[in-house]
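Below is one structure, written out as structure tokens, with a few remarks after it.
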Amino acid sequence: MRLLVAPLLLAWVAGATAAVPVVPWHVPCPPQCACQIRPWYTPRSSYREATTVDCNDLFLTAVPPALPAGTQTLLLQSNSIVRVDQSELGYLANLTELDLSQNSFSDARDCDFHALPQLLSLHLEENQLTRLEDHSFAGLASLQELYLNHNQLYRIAPRAFSGLSNLLRLHLNSNLLRAIDSRWFEMLPNLEILMIGGNKVDAILDMNFRPLANLRSLVLAGMNLREISDYALEGLQSLESLSFYDNQLARVPRRALEQVPGLKFLDLNKNPLQRVGPGDFANMLHLKELGLNNMEELVSIDKFALVNLPELTKLDITNNPRLSFIHPRAFHHLPQMETLMLNNNALSALHQQTVESLPNLQEVGLHGNPIRCDCVIRWANATGTRVRFIEPQSTLCAEPPDLQRLPVREVPFREMTDHCLPLISPRSFPPSLQVASGESMVLHCRALAEPEPEIYWVTPAGLRLTPAHAGRRYRVYPEGTLELRRVTAEEAGLYTCVAQNLVGADTKTVSVVVGRALLQPGRDEGQGLELRVQETHPYHILLSWVTPPNTVSTNLTWSSASSLRGQGATALARLPRGTHSYNITRLLQATEYWACLQVAFADAHTQLACVWARTKEATSCHRALGDRPGLIAILALAVLLLAAGLAAHLGTGQPRKGVGGRRPLPPAWAFWGWSAPSVRVVSAPLVLPWNPGRKLPRSSEGETLLPPLSQNS
């Protein structure tokens, strides 16, 4: 992809040079050096034939004496030269290119260039330069190319480049610079190409490049940049090519890009973008090529991500292992788009609406994707499809199993239905995620289907979050992104994304761990988890505990001592996440019970805490009923007869609306308070922490939770 003018130009020059024959130059030549007439291209790409003295790789410690007076190009690369005096080069009046790269210079002042007024190109890359003082290149008024890359420069004085008003190309990449000073560029009004990547600068400040009104190509690759300030590119009205390759940009620098309206080539490859959102690339009227490749975190290209790019002809979005979703309406008003490269991603399909939105599209690359050959990709085999597949024999179906490994273009049209289930890509978000307490969490869930699916999330507490939901902590965006602000340990647990349409649904779950894991696998059971007896009564016991962070589920079991000897049943309650107490009821008086709390955590390990408790002996008030089974039986019989009479009376009329008609009577043992003859299970939605006199609880989003329909209300 032609994103950077300078590298391509240099590659073209090298290729063209290799094709032109080298002619011997018959002059007295220094020992072991080669004197020839070679093709040469000026910094403005004009072709010339230059008299060349090649003394590369000769282990020289000084410039050879008695060089031919007509030398135009002097190559001294890969030697051990540490100093160049004026007397060694001053007599070479025609010298236009000097290559001193890969030598041993540590100070630019060790190079005396005052007597080289014709020099156009100077190579000092791959030396040991550490500083550039003011006026370091005085006397080089004609210089157009300066290569200082791959040194150890950590300081450049404000006027280091004074006198270089004709400089066109400056290479400062791969040094030790920590800041960029706009005063450097005040001396370079005609600079067209600046390569300053590979320096771990702290930040690019507003108007850092403002003096460079004629700059056409700017390379900011490999600088560990996390953000670009809104006015960092202010003043670059001539900029055509821009590279942010291999940085740490988590979002597209939209405001900064607005400052370069003439941009034609943009390279954002190898950045940790998670999504390209609406309007991230909008109204860039001259953009021709855009690269969004090799992004490990990229999940989706959302609706209207690319809007009003009238000159865009090629879009590269390749080698993104988690990119599983391109919205059907991701592209709008891209009339000149010809080539769409989407190979080697995690895409299950490319929607027909996406293709139809690109009226001039000629070819698309989808090879290397896990294509699901169903209704969404059906357009590929429709008659009259104008779009050509790049590498069609490598564009294969991954699903369904009976079409696996079959080229997409060879699947019969009738094999693909009109409607299909939603599919959430397994790579859209990881199975588990650790978040520091107090930070924000963002999860992206996307799905393609026909009809278009609805997406919502379910929290560990069972709260359903839809795009219409906007609480204090949670927010769901229309395309399925869940944002949780200021995460606490209470929000840890399983989050489920649900994508559904009229055909069916698909789900995907992520386990969220908040903060440092307090509980690690392999620790002794019960360590850090304690079950306490808060209150004991003749027929119920109140237990409490402190729920550790990152809890996924909590189960409480209890049984009497006789049950442990095989003479009774064990009861089980599945408790909602966040429950801190439970009231065990329907117990026998003066009886020992064994209760155990089992907690499961997000990292798949569990902990167990147990406690013994004994119910109190019933008082006279309790014995009035508790010790007189005959009286209880009479009362129960009376209740049964009353219920039967009431049922017979109601049976003669119509069922009451809104009540549901007749309901079956509960089993007889329920009236005596006896335990069920098998394991008693209390479902999670019907259990809440026991708190006498409590008001109706509310969720973290302010929604009222109904009280449990059990004896623990």
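Just so you know, glycine gets a Cβ as well, placed from its N, Cα and C.
Looking up Cys445 in Swiss-Prot gives a disulphide bond whose other cysteine, out of Cys397, Cys420, Cys497, is Cys497. Residues near Cys445 (disulfide bond) in space but far in sequence (CB under 8 A, at least 6 apart, same chain), listed by position: Ile424, Ser428, Phe429, Ile455, Trp457, Gly480, Thr481, Leu482, Cys497, Ala499, Lys508. Asn555 (N-linked glycosylation site) falls within a strand segment according to DSSP. In this structure, Asn94 (N-linked glycosylation site) belongs to neither helix nor strand by DSSP; it is coil. One residue stands out among the glycosylation sites Asn94, Asn381, Asn555, Asn583 for having the most other Cβ atoms within 10 Å of its Cβ: Asn583. Under 8 Å from some Cβ of the repeat 'LRR 4' (142-163) lie the Cβ atoms of residues 42-44, 101, 117-136, 169-178, 181, 183-185, 187-188, 195, 198, all in the same chain and six or more residues away from its ends. Reduced to three states, the DSSP call for Cys445 (disulfide bond) is coil. Between the CA atoms of Asn555 (N-linked glycosylation site) and Asn583 (N-linked glycosylation site) there is a gap of 14 Å, rounded to the nearest whole number.
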